[in-house]
Amino acid sequence: MDATTSGTPTIQYHNIPDQSGTAIAAASIPTFPRQVRHCFGDSSPGEFPLAANPSIVLHVLTACNLDPRDLAKLEATCSFFRRPANFTPDYELSISELAALDICQKRAIFKPMTDEECQNLKRKCGGSWKLALRFLLAGEACCRREKSQAIAGPAHSIAVTSTGVVYSFGSNTSGQLGHGTMEEEWRPQQIRSLQGIRIIQAAAGAGRTMLVSDAGRVYAFGKDSFGEAEFGVQGTKLVATPQLIESLRDIFVVQTAIGNFFTAVLSREGRVYTFSWGKDRKLGHQTEPNDVEPQPLLGALEDVPIVQIAAGYCYLLCLACQPSGMSVYSVGCGLGGKLGHGSRMDEKHPRLIEKFRLLNLQPMVVATGAWHAAVVARDGRVCTWGWGRYGCLGHGNEECESVPKVVEALIKVKAVHVATGDYTTFVLSEDGDVYSFGCGESASLGHNTAAEGQGNRHANVLSPELVKSLKQVKEKVVQVSLTNSIHWNAHTFALTESGKLYAFGAGDKGQLGVELMNNQTERVNPERVDIDLE
């Protein structure tokens, strides 16, 4: 195709150094007559017409794992990429659609789906394999699905290797470590009963742990409760080894989230289910507090595919992936404005947060602290809202925000990940730098200012500050996790690109995975945990 005659912009090829006209002339490069090439070629010797070799083109597109947006741009640029390719399994699909389908089939959660389930997913995502691929990739990106991960729970910790092996350590008063005992562990210990089962996602609550396998099964251990675990109202029965949740057998689960009063799970098809807290229809359903049956979160989400869920103390955020773009819905308790709708009213049914559209912002990752929330946008901007106590919103004050507000102090930073806890927030940049702000209790922010003679190492931080102590590890940080509980001192994990895990903050129960000496209760500087997650 000749861009000069088609009216389309000239394609820019990257990684080719620019040369000035003078330099090119000086090189005395011989010139040849210019030949106009088209997508469909012609009969001239040396031409490589795309139309004559569509299978090669399809192989290249699939092997390169192109982004769905790039595949859509190809269709918009040239008719070759949008006309029927006459390939199985659907002769009417274009080359770009077939490439998207092939890339979908590489995803672990897509492989076991039946043809009917695949078609239903395609329909729910907007009727295109490119949109279905965007849905799958968005879920993988925001949840580190099928990648190594570390979870800083309330006084206990979970680490998952890239191959799905699970380690646990810290407090074990309810059997939440899954080792068959109630004894604390100060060093990471593998959960042996899970051998042969690949875990792709983990969640940790007060006295409770939940794991999701690559087969969509959910295992739970610790307090036998789906809600109110911190107060002991439920969960009098303790389970010390991972047990399959029978009521979820018919749902292929890809993510779990544990709040204080409820538990939520996300299905492969993007539907959200909740347990407990049905009293007064707080989550859109009327059930008993000890109900073990999952209830679908319907209303505005009935036909909306969700790629990530995040549970706060008493509310839930859902990140949606629709043909029109990415959006966020909230439901639950509205105190402090943490639902993001401009008020402090509760929402018994999921409601779209409108502010992101007004900000021209595409949410890509959501995070919920106990009382505040945060989002990272496609363009790298960070928004926070909810209770602003201790400066956890990063706006330079302690005021509440009832709608998402861009963190102006990070406007020159392209963020890719955000983590929130009990009045604390961490932001991870594209180049691996880490910023934190909020409550400095337990030294969980990573700012060792006392050692530098600058004051109290537990000082609150009202605006984002670079965590200089993590620069010392001399490796790119790819994930941060911190404790999200109002009843436990916080600790923090930083996971590097090579699978090294560093911990700091409260460690009095062994939750850091490192021994504390001389009656210490916390670790100020990041220390390497003796485990390799890659």
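Here the Cβ of each residue, glycine as well, is placed from N, Cα and C on the backbone.
Pulled from TrEMBL:
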DOMAIN    148-482  domain 'RCC1-like'
REPEAT    164-215  repeat 'RCC1'
REPEAT    216-269  repeat 'RCC1'
REPEAT    270-322  repeat 'RCC1'
REPEAT    326-379  repeat 'RCC1'
REPEAT    380-431  repeat 'RCC1'
REPEAT    432-498  repeat 'RCC1'
REPEAT    499-534  repeat 'RCC1'
Report task. Count the residues of the repeat 'RCC1' (164-215) that DSSP assigns to helix (H, G, I), to strand (E, B) and to coil, and report the three numbers in that order. Result -> 3 helix, 24 strand, 25 coil
Report task. Could you break down the residues of the repeat 'RCC1' (326-379) into DSSP helix, strand and coil, giving a count for each? Result -> 7 helix, 25 strand, 22 coil
Query raised in the report: What does DSSP give as the helix, strand and coil breakdown of the repeat 'RCC1' (499-534)?
Result: 0 helix, 18 strand, 18 coil
